[in-house]
Each structure stands twice: as structure tokens, then as C-alpha cells.
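Lifted from Swiss-Prot, the feature list:
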- Asn21, Gln54, Asn74, Gly84, Asn85, Asn167, Asn200, Glu218, Arg219, Gly228, Ser229: substrate binding site (BINDING)
- Cys83: active site, proton donor (ACT_SITE)
- Cys227: active site, proton acceptor (ACT_SITE)
- Tyr278: site 'Important for dimerization' (SITE)
Amino acid sequence: MDSYYKNKKKINFSKMHGLKNDFMVINCIKKNVFLTSHIIKKLSNRYTGIGFDQLLLVEKSNSLLTDFHYRIFNANGNEVEQCGNGARCFGLFLLLKGLTNKKKILISTKKKPLTIEFLTENMIKVNMNEPDFKFYNLSSLQNVLDNNFSIKLMNENLICNLVSIGNPHCIIKVQSVKNAPVNIIGDSIEKNPIFPEGVNVSFMEILNKKHIKLRVYERNVGETKACGSAACAAVAVGIAQKLLSDTVHVELLGGKLIIIWKGFGTPLYMVGPAKHVYDGYIYI
């Protein structure tokens, strides 16, 4: 048995989840870990690997202004810019492993820094920065305000709204999320050539000004139990269009988040739980 592992590398990890959006988290602060997209795909397999939606790497900061660096890889091995549920798990990991004793930390990402604040043992608040409605060369804030951007889909024009929360989101308002064709439309939009890097597609049902239901088709993943940045994106669109109040409860398949946004010129906040499942190690 020892000879089987002789030329393999041992990697310690934690399995975590935020509203059933699950992660493999690796501490790379003292020892850098390089994983190819091929290895990440193998690890993400729920039958032959660890199984996860995203891999999170905890790295030391390259700046005196931030405490840590946060990296995210989808199950297909592609590195992405943002993951809201992952940010909360990232923060809890730092606490559980004794890597910080601060009540509030600033972390760098592939794009903008995020602030993570520990409210209670498992409830974490993340400053997700201000939503960006200038979506590449496709859509603008005015398109969102006028609700007039559409995508050609199956010989019909589908009205939707585009927004970036550090990563790209397409928000579609529906009468009922229960009956929404999430996988069919989500897959079609995500693969549309107008989105060369893909896009997360969300289906939003507005119950009242303080409560929405949301289902999410995540790029390179498929439908997930929850997506924090998608919840932020959907609420941002609703508030911009004056359909929602500044504090909204978002009901996802995996649980609930609270999204707070006071409007243009201010940051958007996400509040929700994070859970540690187990620690383990694997040889690769």
C-alpha cells in the first residue's frame, strides 16, 4: 500500500458548504498547491473524487492592504472571479483554522477586494461591492432601468437583465420558479456566443418587495442549490427597477440569504450561513 502512494502528493482539505453550494477548501498559505484543470475535474467528481461545486484556495496576501487572497475554481477546472457562498466559507475556514482572530477582514480576489465580517459563529456578512450594470459592450444601466435588453432564444426575444457582481449574471423574471425551464434556458443562454466567458443565469420570482425566490444555472456547473453572487445580482436588478426594497430575503433551493443594498453609489451586502462538514486528505 505504501508503494502506491510513494510518488503521490498528499493534500489536506476541508469540505464546506453555504446553503448546499459545496466546496473543497485548501490552505495554500505556507505551502503553495498547484492543481491542473484535469486534476480539479477529477477531484470534483462526486463518484470518484471528493465532489464539489467549486474549489477554493486560501493564499497569503500579496499586499499590505489585504489579509488573504481568495481563489475560486469551478468543477471544470476554470478559475473564476467570484463566489459569494464561497466567500462565507472562506471566512469560516480562516476562523476554524486559527488563521485570523479579526472580526472583519479584507481579502483580495481575481477582481475587486471583498470585506468579510463575522456576525455570529456561522452567520457571515460579505461586502460584495457595488453592482456594475455596464456589462461589457452588451448592456448598460439604462437597459436595466428600461428593462429592454433581450436575447434571441428559440425564435423568440427573451427579456433579461445583465449585471456584474465581479462575475457575469443574466437575470430573468418569471411568474413561478417552480415551473421555470432552468436547465434548458440556462444552458442555451450560457452557451450563447455573445457571452464568450459564459454567464450565470438566474430565474427570479418576486413574492413581494422584501422576498424573492431564485433558481440559478451556474456557468460550467449547471443548476446549483444556491449561488450567493446570483442572489446579489437578482436583488440589485430588482432594486434598480424599484421592484424591491433595500433589504431582501432570497429563498434558494438550498436555503435563505439576506441581501442589503441602499442603492447607487453604495456597496451591496450579503448575509448568510457557512458550514464546515469535515476535514480530510487525498493523494494525487
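Every residue gets a Cβ built from N, Cα and C, even glycine.
Where Swiss-Prot records a feature, it is marked here on the structure.
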residue	record	DSSP (3 states)
Asn21	substrate binding site	strand
Asn74	substrate binding site	strand
Cys83	active site, proton donor	coil
Asn200	substrate binding site	strand
Arg219	substrate binding site	coil
Cys227	active site, proton acceptor	coil
Tyr278	site 'Important for dimerization'	strand
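Highest local Cβ density among the binding-site residues Asn74, Asn85, Ser229 belongs to Asn85, counted as other Cβ atoms within 10 Å over all protein chains shown. Rounded to the nearest whole angstrom, the C-alpha distance between Arg219 (substrate binding site) and Tyr278 (site 'Important for dimerization') is 27.
When the recorded positions Cys83, Cys227, Tyr278 are ranked by how far their Cα is from the Cα of Asn21 (substrate binding site), Cys227 comes first. For Tyr278 (site 'Important for dimerization'), the same-chain residues lying six or more positions away in sequence with a CB closer than 8 A to its CB are Ser14, Lys15. The CA atom of Asn200 (substrate binding site) is located 9 Å away from the CA atom of Cys227 (active site, proton acceptor). Counting only the Cα atoms, the space from Asn85 (substrate binding site) to Cys227 (active site, proton acceptor) is about 6 angstrom. The C-beta environment of the residue listed as 'active site, proton acceptor', restricted to residues of the same chain at least 6 apart in sequence and closer than 8 Å, consists of Asn21, Cys83, Gly84, Asn85, Asn200, Ser202, Val216, Glu218, Leu252. Each of Asp53, Ile72, Val80, Gln82, Cys83, Gly86, Val216, Val221, Thr224, Cys227, Ala230 belongs to the same chain as Asn21, Gln54, Asn74, Gly84, Asn85, Asn167, Asn200, Glu218, Arg219, Gly228, Ser229, is absent from that list, and has a C-beta within 8 angstroms of the C-beta centroid marking the substrate site. Using a 10 Å Cβ-Cβ cutoff, Arg219 (substrate binding site) registers 24 neighbours. Using a 10 Å Cβ-Cβ cutoff, Asn21 (substrate binding site) registers 28 neighbours. Largest Cα-Cα distance over the residues recorded as binding substrate, namely Asn21, Gln54, Asn74, Gly84, Asn85, Asn167, Asn200, Glu218, Arg219, Gly228, Ser229, equals 17 Å. The residue listed as 'active site, proton donor' counts 28 other C-beta atoms within 10 Å of its own C-beta, drawing on all protein chains shown.
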